[in-house]
């Protein structure tokens, strides 16, 4: 019996050593691209259709304010930035290694009604991050397992779920998937301005793509959307600064402003000497005053390049809602591509490591039984 126990102990040591090596693995070099990306040459302006109902304003912010400014600080966060936490103990399906969306990302199969796409299928990557079936923030689907949103949308260990597949929040037909895990950028902060406002949401089980549900493309790190490019932001946020959130998904067309110019505009408005829009941010502006508002946070800012829709930004913050001359600020997705790949790869490694720990525990249990 001692001899048999020794064999099991040797196997246990071998598995532990293997787990340690795999736990240190970071599969970034071998991780495939998230999606085929548009080249920087030959970018054509999107032939998008006219907006249906304009959004106004931006999410709340904790930035310093001029006297009389109606912008209110965001609610305090209740999580540790940079850490992943489980919101539900779910294991309905085995977690796969990271598999990027197919080359079909960034395309939509909208029905044409009156010469333009119907809302139900116009933005198939748009999701609603919800708690107890109440809309909290927007987000966008980047693969069958993952959603991308803003870090300031995460309030702690709540029972989050993701709503997708319909433009109507009251619809009884949508897909609603519980959230298994959320990864917040480790350097997210709202101390002086909002920085690194990005988070990844892991679904409890993979979504099935359909005409109503499709992933959006994520740009390469080197991709920079040019100033003046026409893009679209979507969400279920407020349609007026002092109004209510919308039941139907809204959209508005914006012109891109690079972070350097946007920073100067906002500094001039606020009389502030601090850098408000840092590298990793990008801005959008509509001359008529429409943009995103409270409730739109975390949602996508997308642009069409070569007939493919690419997410260039995540709704982050702004001053008030729909004010003429006030651009809205977005997290620039291309700047965080390496972080996205790293975290998705790390999640895959962690799951594999967890499987090995379970295997070791089972082997140890068998060794004890044999010894007895």
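Cβ atoms are placed via backbone N, Cα and C, with glycine included.
The shown structure was predicted, so the numbers you read here are calculated from the model rather than taken from an experiment.
What Swiss-Prot says about this one:
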- 1-25: signal peptide (SIGNAL)
- 26-351: topological domain 'Extracellular' (TOPO_DOM)
- 31-72: region 'Disordered' (REGION)
- 112-345: domain 'Peptidase S1' (DOMAIN)
- 137-153: disulfide bond (DISULFID)
- 208: N-linked glycosylation site (CARBOHYD)
- 231-303: disulfide bond (DISULFID)
- 262-283: disulfide bond (DISULFID)
- 293-321: disulfide bond (DISULFID)
- 352-372: transmembrane segment (TRANSMEM)
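Shown on the structure are the features that Swiss-Prot records.
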residue: 137; record: disulfide bond; Cβ within 10 Å: 29
residue: 153; record: disulfide bond; Cβ within 10 Å: 25
residue: 208; record: N-linked glycosylation site; Cβ within 10 Å: 9
residue: 231; record: disulfide bond; Cβ within 10 Å: 27
residue: 262; record: disulfide bond; Cβ within 10 Å: 23
residue: 283; record: disulfide bond; Cβ within 10 Å: 28
residue: 293; record: disulfide bond; Cβ within 10 Å: 29
residue: 303; record: disulfide bond; Cβ within 10 Å: 24
residue: 321; record: disulfide bond; Cβ within 10 Å: 29
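Counting only the Cα atoms, the space from residue 262 (disulfide bond) to residue 293 (disulfide bond) is about 18 angstrom. Per-residue confidence over the topological domain 'Extracellular' (26-351) averages 76 (mean pLDDT, predicted model). The recorded positions recorded for this entry are 208, 283, 303, and the Cα of 283 lies nearest to that of residue 321 (disulfide bond). Residue 231 (disulfide bond) sits 11 Å from residue 283 (disulfide bond), taking the CA atoms of both as reference points. For the pair formed by residue 303 (disulfide bond) and residue 208 (N-linked glycosylation site), distance between Cα atoms is given as 24 Å, rounded to the nearest Å. Straight-line distance linking the Cα atoms of residue 293 (disulfide bond) and residue 137 (disulfide bond), rounded to a whole number, equals 11 Å. Calculated from their C-alpha atoms, the gap between residue 208 (N-linked glycosylation site) and residue 137 (disulfide bond) amounts to 22 Å. For the pair residue 153 (disulfide bond) and residue 283 (disulfide bond), the C-alpha distance works out to 19 angstrom. With respect to their backbone Cα atoms, residue 137 (disulfide bond) and residue 283 (disulfide bond) stand 19 Å from each other.
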